[in-house]
């Protein structure tokens, strides 16, 4: 194997939980990307207007952000984390199964809100647990985790595509005229942004003809093994009330969470449960309690804030670029054909997924700080070249692919880097996940309003500004890293690189 034996041995000891967390993130990706391509068929199913159905986007995105904030509530113990992941992944399968039964847009929005909450919990908990298991070795496993979300995001539109309506799926007298706009509208909805659809008029009354239900039922079946995998992990850890035996060789998860010193049995139970000082990886609201601020230096807060601001910008760029690159391409001066422009969002997400796959081996050889630096500089240079060659259709495709590669590994690398600075204390994972979610939502809305007022060229100008801000905030993070207190010898002794030894309680201790 291309990594060393120590990391390989640690991966083998934690194989089942690691694969489970990766599979749960596949559920996240599967759920985040299906809405754009299927939204027109869902509009027909609910017999709603385009402006009404786009509220489904908002309900999902807002509750995803809320779920990311609340996800930390469920990770105080391993059992809470796993039960939350089981409930969330099962909820996603149920959502896929229930969507074809939603014939009212309000009901559909509520169902998608539940999906958003489940996705937010998955996002926060999976990242936290992998960081807790691998700590200083977590970068490579976080890269793999985020590859699976990209893989799921690529797969769900492919599943849906054969079942999408080629013509308007509400048959009425105006169907012929409305159907001529259908390809353009559908491409502007890829992958998960509603765009500006207020000037399109599609029929709301008539006979509904759509086969999109089959796509959702297929995705429900594909996702079903994920909650089953989480259940088997619960069973292995003897946390299922009806199945565990009376004699347990390990301490209960709640007792492990209350141990006064960090412990590490070389399996999931203790590696994940090790408590953290300075408040641990609490939920966002617990992080804001004054007791967690006592004795903390200003650099402690600065690392959290600047790390979150970098991801606010970079994840915001992912959201705004994927949402508006199609609209930018079909407008002047490029005036790309609708069919050709429709490949741009797919190209962008494809190279994000490819970049995450490449980053898995690269992250083992390269420090997270170096990877983030390359990412933010690459994003800035790419937008600069896109502005310089703004009249070149060829370079728009090259720049889109380049931007996808540079943005692909930013989140997992930043998470690994920030957690490493803070020595796995504080609330870095929760704060960073929340900052990234807010950025994706806010910058999409901001860029959409600016494009509406200033024209399509402002799309690249906004990207350049956001890239420059990401680089600036990262420079501040590097500065605060130099100012942050160095780890003590006690912390060095607690390093995951140290071999585990048995203490007198029979538990592994670092």
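Note: Cβ is positioned from N, Cα and C throughout, glycine not excepted.
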- Of 214-235, 236-257, 258-279, the range TrEMBL tags as transmembrane segment is 214-235
- With TrEMBL as the source, which of 188-210, 395-417 is set down as transmembrane segment? 395-417
- Message: Taking contact to mean 3 or more CB pairs closer than 8 A (sequence separation of 6 or more), are the transmembrane segment (457-480) and the transmembrane segment (370-389) in contact?
- Response: yes
- Stretch in 81-99, 105-126, 138-159, 340-358, 370-389 most in contact with the transmembrane segment (298-318), if contact is a CB pair under 8 A: 370-389
- For the transmembrane segment (138-159), which partner among 21-40, 340-358, 370-389, 395-417, 429-451 gives the most CB pairs under 8 Å? 21-40
- Message: Six or more residues beyond either end and a Cβ under 8 Å away: which residues meet both conditions relative to the transmembrane segment (21-40)?
- Response: 53-54, 56-57, 60, 64, 85, 88-89, 92, 95-96, 112, 115, 118-119, 122-123, 126, 129-130, 144-146, 148-157, 159-161, 164-165, 169, 182, 185-186, 189-194, 202, 212, 215-216, 219, 222-223, 225-226, 229-230, 349
- Note on the structure: Outside the transmembrane segment (370-389), at least 6 residues beyond either end, the same-chain residues with a Cβ under 8 Å of its Cβ set are 139, 310, 314, 317, 359, 362-363, 395-396, 399, 402-403, 405-407, 409-410, 413-414, 417, 460-461, 463-464, 467-468, 470-471, 474
